[in-house]
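Notes follow the structure.
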Amino acid sequence: MSAHIIDGKAFAASVRSDVAKDVQSLKQKHGITPGLAVVIVGEDPASQVYVRNKVKQTSEVGMNGFHFEYPADTQEEEVLQKVHELNNDPAVNGILVQLPLPDHMNETAIIEAISPEKDVDGFHVVNSGLLATGGKGLVPCTPLGCYLMLKDHLGDLSGKKAIVVGRSNIVGKPMAQLLLDASCTVTIAHSRTKDLPAEVAQADIVVAAVGRPEMIKGDWIKQDATVIDVGINRIPAPERGQGKHRLVGDVEYATASENAGAITPVPGGVGPMTIACLLKNTVTATYRQNDIKK
Ligand SMILES: Nc1nc2c(c(=O)[nH]1)N[C@@H](CN(C=O)c1ccc(C(=O)N[C@@H](CCC(=O)O)C(=O)O)cc1)CN2
């Protein structure tokens, strides 16, 4: 059987449309226009594309966008100074610093400098702590996007066996927390996991976030499982011409589609949901900062 393809692009458009309605209502009923500040350091081409899309989509949903670009050799202190300024700017409800940062910068110090209430990436330790303890923080955008797609496709997740492959602070760990909160039985797998194929084969839900092209093989996937592929890996595609590349996920898509009940494609799956959830978090942050109930 061929799997249902979960269309992240279409789902992200519907999330953005809901965000645009909330923005309209904040403007009309409360005279508030949510503001999102995006800070980028360096010239990483992929990051530049993501930031351009964030800025464009911010204005498309009717929010104010503030965009700050710094060259790669900028001192950390200068970025910290900007973050402090943005923390104190009432027109700014959400702040994000695009990752990765250049090597000479302390990523943790910069993330922790963002006010937790404005940390729309959900990376601040206060927000990860709130997520871990069932509190009301801001949830990292990629895991939030995966969770919304799973809920939309499966409805109730309780009692399902889920595996998250990857244990990063920004995807793997928060993803596992969200699944646990939804009463899944959760396994977190990583590079030292013994017999990964056997672990994956037991899961009703597979979230792949390892950053290794097609590492998870299709024949590991349990019949009818739901597969969420977070990986975005650029690999050489000589069949498309010299020097050409193509994007693949962390899952071997064609073979996994034969076993899975549903699967997200790469591109067009989790990626678009990341930016849609950033906008959603900015609206959430705006409501909370102004003590407005939706
Ligand atoms: N501060 C942050 N930095 C980074 C985050 C983040 O959430 N916050 N996530 C990633 C990059 N990212 C957003 O910033 C992001 C990655 C991918 C996509 C996306 O839509 N991908 C497309 C494919 C795009 C392509 O052709 O390369 C897809 O999957 O369809 C959006 C956002 C790291 N940094």
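Here the Cβ of each residue, glycine as well, is placed from N, Cα and C on the backbone.
TrEMBL annotations: computationally assigned, not manually curated.
If you check TrEMBL, you get these features:
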- 6-121: domain 'Tetrahydrofolate dehydrogenase/cyclohydrolase catalytic' (DOMAIN)
- 140-289: domain 'Tetrahydrofolate dehydrogenase/cyclohydrolase NAD(P)-binding' (DOMAIN)
- G166, R167, S168, I232: NADP(+) binding site (BINDING)
Please find which two of G166, R167, S168, I232 have the most distant C-alpha atoms, given that the record lists them as binding NADP(+), and give only that distance in angstrom, rounded to a whole number.
16
For ligand 1, list the binding-site residues among G166, R167, I232 whose CB atom is within a distance below 6 Å of it, in sequence order.
I232
If you run through the domain 'Tetrahydrofolate dehydrogenase/cyclohydrolase NAD(P)-binding' (140-289) with DSSP, how many residues end up as helix, strand and coil?
63 helix, 30 strand, 57 coil
Does anything in the same chain, at least 6 positions from I232 (NADP(+) binding site), have a Cβ under 8 Å from its Cβ, and if so what?
L247, G249, V266, P267, G271
Please spell out the DSSP helix, strand and coil residue counts for the domain 'Tetrahydrofolate dehydrogenase/cyclohydrolase catalytic' (6-121).
61 helix, 19 strand, 36 coil
For G166 (NADP(+) binding site), what is the tally of other C-beta atoms lying within 10 angstroms of its C-beta?
23
